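The following features are taken from TrEMBL:
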DOMAIN    2-333  domain 'Kinesin motor'
BINDING   Gly90, Val91, Thr92, Gly93, Thr94, Gly95, Lys96, Thr97  ATP binding site
REGION    407-462  region 'Disordered'
REGION    491-512  region 'Disordered'
COMPBIAS  501-512  compositional bias 'Polar residues'
REGION    588-661  region 'Disordered'
COMPBIAS  614-631  compositional bias 'Acidic residues'
COMPBIAS  637-648  compositional bias 'Basic residues'
Amino acid sequence: MSVRVVARIRPLLEKELDKDVIVRADRVEEGRPLTVVKIPNPKNEAEEFSFAFNSVYEQATTQEQLFTAEVAPHMKALFQGLDVTIFAYGVTGTGKTHTMRGGLRLADRGVIPRLLSNVFRRGKKLMKDSNGATRVNVALSYYEIYNDKVYDLLEPPEKRTPAGLPLREKDGKTIVVGLSERSCDDLKDFEKLYIEANNNRVTAATKLNAHSSRSHAILRVKVTQTTGDMVKESTASAIDLAGSEDNRRTDNGKERLVESAAINKSLFVLSQCIDAISRGDKRIPYRESKMTRILSLGQNNGITIMILNLAPIRSYHLDTLSSLNVSSRAKRIEVREIENEVVFKQPPRTNSAGGGANIQRQPLRPLNNAHNVHTGVLAAKTAEKAEKPDKPVKAFAVYTDKKPAVSARPAVPIANSSQPRQPSVIKRSSDVPDPLSARPSKLARPTQLRAPQPVTQPVTSSKQIVISAEQIEAMVEKKVAEILASRAAEAASKPEAQPVSKPNSAVQNQITEEVKRRLEALERRIDNEARNDDGGRSEGLRVLLQARQAKESGDDEAALSFYEKALPYFPGQARLLGKIERLRLKLGKAQGDGQQSEKIARTPRKERRRRDNDEDESYQEGTEADIEDDAIEKPARAKTPKKKRAPPKTKAVDQSVFDGGPASPVAQRLLDIVNSRDVALIKGLHGFGAKKAQDLVDHLTLKGDGESGRVESLAQLRMLPGMGGRTVERAYEGLVAAAAGQ
Ligand SMILES: Nc1ncnc2c1ncn2[C@@H]1O[C@H](COP(=O)(O)OP(=O)(O)OP(=O)(O)O)[C@@H](O)[C@H]1O
């Protein structure tokens with residue numbers, strides 16, 4: 001299922017009563033729930049932007065209403081073994097802490113105390129209903145991320161070390177090493193702990209909020225249910241993020257500015273992660289901030305609810321628009337709804353006969369991943385009941401009121417939690433392949449909770465989600481080990497080949513050191529590439545690495561095969577083709593199917609050089625040839641200012657295509673690329689950089705997903721911001737040249 005994103009508009013504060021209200025909740029149709037936030041276009045007040053969410057809560061919404069609609073329905077799932085994450089996001093002073101923590105009066109209590117109250121109540125009921133056969137334990141940990149450092153809030157501030165607590169990845173989850181955990185028996189226990197811990201949290205008065213949170217606060221509520229030797233554990237995480245701040249408005253002093261920079265940076269990384277996930281990128285920059293590592297949006301299993309807090313007044317206008325944009329994209333993020341595994345307690349170790357050091361310990365046996373009955377059944381039932389829309393609608397919708405956008409492209413209201421949700425509505429059909437946004441699919445869930453069973457196959461996603469840095473690391477490590485092993489075997493099988501004066505192991509060491517050094521350089525290079533990757537380029541480089549490794553180990557057949565596999569990632573790359581050709585010759589293979597090789601051989605050197613220069617600049621910087629020749633032997637090349645590339649030489653272009661004339665096939669191709677809104681694709685256009693591509697996509701996104709957001713002609717494209725001068729012509733000529741070179 002997708003991350004559920006709901007918006008909450010806070011009421012006016014006393015000092016704001018005379019201020020101009022510009023944000024309002026709306027519905028797509030009379031009689032439907034509130035699912036739309038409307039806000040004027042800052043550049044044209046007559047125009048209004050609309051952002052659709054799963055649910056929208058207006059100013060008068062009480063704490064209880066929000067909790068009942070958004071959090072309470074997931075408590076059952078928590079006890080069935082699913083992790084639940086709720087986080088508040090928004091600009092400073094918009095009500096995140098109010099939503100999560102709330103006030104001291106009963107009616108003002110926020111999501112966190114209500115959640116705990118619900119957990120204790122359910123736990124007690126479960127124990128009672130099972131006549132004591134099931135025990136439920138609740139344990140808390142509470143920490144903050146302040147200036148990108150993690151501090152335990154359950155420990156007094158004197159105990160903090162300057163570096164804070166380290167993070168580590170374990171079983172696919174990020175854990176804070178050395179974090180304390182306190183068992184909690186009832187609400188009173190919790191409140192005492194929570195109030196004390198909050199006194200340790202860094203807050204300060206800023207111009208925009210008298211009690212501004214200067215840190216992200218993460219409360220983890222671990223629920224452990226024990227029945228006999230069966231242990232089920234799940235965690236509810238409630239996260240109160242610090243708010244982004246526009247320091248032109250805050251008058252922040254030096255200390256506040258440092259905090260603010262850390263807050264803004266982590267929130268920026270979060271928005272980058274959201275963008276990358278919603279685009280289907282392979283690399284998600286989670287690791288660039290501790291907050292995103294911990295939040296692991298889209299990587300964590302279970303249920304995730306994002307509460308976007310909004311202030312309704314004009315002074316927040318641009319900030320509100322920016323957080324509306326980010327959160328709208330967050331709705332595209334899919335999370336896998338998988339319960340945590342049930343484990344069996346270890347029998348106590350004894351020294352009796354049959355035991356002893358030689359006996360292998362029985363490993364903890366995961367139960368079959370029994371899936372969430374509640375949401376699964378509910379979803380299935382409601383999907384049946386739900387009236388079927390004519391066509392699936394994207395979850396994300398930004399549109400303006402200028403056009404009859406609502407009816408033209410109805411943002412199907414995604415049901416409020418108080419109503420059954422319709423996951424099928426917001427999903428793309430699985431049988432329509434969408435290469436631009438490969439997303440992890442939801443796992444099939446059985447409809448019945450199964451009895452404990454012996455180990456079964458672990459459930460895996462049907463699609464590859466991301467190749468993580470760890471996986472790449474593991475892959476490279478494995479390769480290094482393989483090469484070292486094959487070198488060792490080679491050396492052992494040919495003792496006569498070793499110089500007599502050198503002992504075998506010394507030569508081996510020398511070789512392995514060399515191989516290691518070279519592979520490390522390659523790994524570093526690939527890591528760098530992966531950081532900047534926006535397409536299949538790092539995948540291509542990974543294949544090239546394998547080719548290089550195969551060559552290192554003398555396996556020319558495998559090397560050739562890997563080089564050939566890499567070719568689609570770098571089509572027409574002369575050096576790569578040259579390598580393939582040389583290897584083919586060396587292996588005595590016919591060139592019949594190597595048409596490209598022939599083409600290279602016949603292409604005059606000058607022409608080849610010219611074409612190489614016109615090729616995608618990104619490949620020029622990261623070619624395998626570079627890896628071999630430069631990255632290993634030389635330190636990273638000093639960055640010299642990029643020379644402006646000369647536009648590719650093409651035949652005279654018919655100017656009418658730019659002035660509203662009929663679109664040629666190339667013009668249509670250009671428009672298709674632009675309308676794909678895929679930064680990676682657009683960036684590949686001649687004369688486009690990452691920024692220009694991103695700006696264009698942002699502009700189109702703001703215009704909405706309807707007709708007004710599509711570019712229908714090159715003349716129209718030329719009118720868009722940043723598309724002036726010869727930008728469009730250059731992109732067009734680049735495509736003409738590419739077509740001619742094919
Ligand atoms: N729904 C609400 N009802 C009443 N008052 C609210 C509501 N939401 C926010 N407020 C008030 O608005 C002010 C700012 O709210 P809060 O401190 O929760 O903002 P925040 O988003 O957590 O800010 P920061 O990021 O700076 O910590 C507080 O005085 C709070 O009591």
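Count begins at 1; order follows the chain as displayed.
Any Cβ shown, glycine's included, is placed from N, Cα and C.
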Mean of pLDDT values spanning the domain 'Kinesin motor' (2-333): 88
Same-chain residues at least 6 apart in sequence whose Cβ lies under 8 Å from Gly95 (ATP binding site): Arg8, Arg10, Asn309, Ala311
Filtered binding-site residues, from Val91, Gly93, Thr97, whose Cβ is under 6 Å from an atom of ligand 1: Gly93, Thr97
Assigned element (helix, strand, coil) containing Gly93 (ATP binding site), judged by DSSP: coil
All-chain count of other Cβ atoms within 10 Å of Lys96 (ATP binding site): 29
Nonlocal residues around Thr94 (ATP binding site), in sequence order (Cβ under 8 Å, 6 or more apart): Arg10, Gly243, Asn309, Leu310, Ala311, Tyr316
